[in-house]
Amino acid sequence: MTYSLLPHIHSPQDLHALSLDKLPVLCDEIRNKIIESLSLTGGHLASNLGGVELTVALHYVFSSPDDQFIFDVGHQSYVHKLLTGRNTEAFSNIRHDNGLSGFTTPQESNHDIFFSGHAGNALSLALGLAKGSSNSSSHILPILGDAAFSCGLTLEALNNIPADLSKFIIVLNDNQMSISENVGNIPQGISQWIYPQKISKLSQKIHSWIQNLPSFLHKKKTLSHKVDIALKSLSHPLFEQFGLHYVGPIDGHNVKKLVQALQMIKDQPQPILFHVCTVKGNGLTEAERDPIRYHGVKAHFQNTSLKKTSGNVELQTPISFPQHAGNILCRLGKKYPQLQVVTPAMSLGSCLEDFRKQFPDRFTDVGIAEGHAVTFSAGIARSGTPVCCSIYSTFLHRAMDNVFHDVCMQELPVIFAIDRAGLAFHDGRSHHGIYDLGFLCSMPNMVICQPRNALVLERLFFSSLLWKSPCAIRYPNIPANEKASNSSFPFSPILPGEAEILCQGDDLLLIALGHMCNTALTVKEHLLDYGISTTVVDPIFIKPLDRKLLQSLLTHHSKVIILEEHSIHGGLGSEFLLFLNQHNIKADVLSLGVPDMFIPHGNPETILNLIGLTSDHITQRILSHFKFSTPIPIERFFKA
């Protein structure tokens, strides 16, 4: 495609210089740019395609950054980035090294007001901005999808909107989708609440009937007014009960109508709910037909709108931990006919679709409501029914009190399948699963474990149903290096606190969590080049630790390395040091994990190099710390 307009848009001011008639052409160019770029990099595709005209119209009518846009979640901000000076090579590398973030990021641009990545917070943030703003001429526009209205935080914010708040426009992008199909009563009821077509038609018929009454009935006008009041009481949109003036619904793919509507409401003196109807994936046939699959795509996704190339197909990858977990849950579902599975809007990402299809009555997607997912699971467990709550590590933060108060304090045997435990790499700082141990380890009654491969994952899932206590099984979104057995119950149960020695040596004790065992075994081989032999242990459990085994090993190992893909604060290293202190054991401990910083997005090798968790870095850090020999200077691995 030839780009005649987009290359000349370096800021919203350049957009303002275009005539209204040129905006549809610009929208076509933006849509094609996104498809071309993401076919090489992967990223959030369908939501951005669906929001092209809306974002162009917003930037055309308002003046960012003086007028402030707050994107809920932020993964649908690619168009916003293109219109605010980021149509550069960095966009072509989005979510990769030297590329833009896939979410709004203030470090990139002053047009991005907040870091984003989690759902439901835009309205609260926007209200806070409005409360604290000294600029009375600035407009504040939170931009939310309809799925965000199922978030408790959004409803709490709706309850707090002042009726006299001016220049505050809530933009509702209604595509009737979350990542997958919307669930629950709130998203499904939005159209009925705010666009009551039957009542509108009834109003027209009644008014027509009144106008045809005999002219000597002088109270026709009064009667019409009373009818209006009565019908309005029936059709009053939900959002007007919160003091909002409702405008819409507007065709979200007619950029001219969007501009005209926004210009009309721009300076109204009350808060406004601007309702826009869009099609997720609009402009790409495959994405329109299957917006769930095309919500987030990998590089080289199937795309018939571009010229076919030999690489323009889905690449086959090894089976991942989440895929194994989904398969294991299906097997458990057959073995335990009462087993329930709960997820907060992550059925597809956590590979639960097969369970949902096989056992629809035993599967619940609660929508973007992590706290409810946890407490709902607690209620299921209290009834005596086995339950697994599958949830991303980064989203579990949002339900910390629910885990504490409703699960652990009640001593309920909820199984938490904690997906994406580890670095998220391309999704960046808001999605890394490297903080959950910091609060889970402090929860009484909680058993926490992490498998190094699919076989251990299988053992943990099957065994967890026998523990009768709250438990968390953590696993990353990376290939698992061994296949599961696929037997119904092919092993004796593993008990909480059972560790496993992977290899034995005389000089060092290396304790590695989960998939970092693979790195540890590579490091062990590197250390042999220096004449150093290493005992490598997979603790399997972070809580409780295998105290008996550790005490035995520490009688002849005084040099210990802890290796984990988790924050250095509050993880396995912290638990091990507490264990040493409680047992008055002295040891020289090198704790290696994710440093105390927000980790950016990037390719895996780049991020692991940045934080010093490659096998080469770890080897040199061990040599340097324990002074076994003269190592390669560590500074060479940390270039500025």
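Placed from the backbone N, Cα and C atoms, the Cβ positions cover glycine too.
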Next on the checklist: Based on Swiss-Prot, name the residue from His75, His80, His96, His405 that is recorded for the same thiamine diphosphate site as Gly117, His118, Ala119, Ala147, Ala148, Asn175, Glu370.
Outcome noted: His75
Next on the checklist: Which one is it: of the binding-site residues Ala119, Ala147, Ala148, which Cβ has the fewest other Cβ atoms within 10 Å in this structure?
Outcome noted: Ala148
Checklist entry - What's the CA to CA span in angstrom from Gly117 (thiamine diphosphate binding site) over to Asp146 (Mg(2+) binding site)? => result 16
Checklist outcome for this item: Asp146 (Mg(2+) binding site), Cβ-centred 10 Å count of other Cβ atoms over all protein chains shown, is 22
Checklist entry - Quick one, of the binding-site residues His75, His118, which Cβ has the fewest other Cβ within 10 Å? => result His118
Checklist entry - For Glu370 (thiamine diphosphate binding site), which residues of its chain lie six or more apart in sequence with Cβ-Cβ distance below 8 Å? => result Pro344, Ile391, Phe395, Leu396, Arg398, Ala399, Asn402
Checklist outcome for this item: CA pair Ala119 (thiamine diphosphate binding site) / Asp146 (Mg(2+) binding site), Å rounded to integer, equals 11
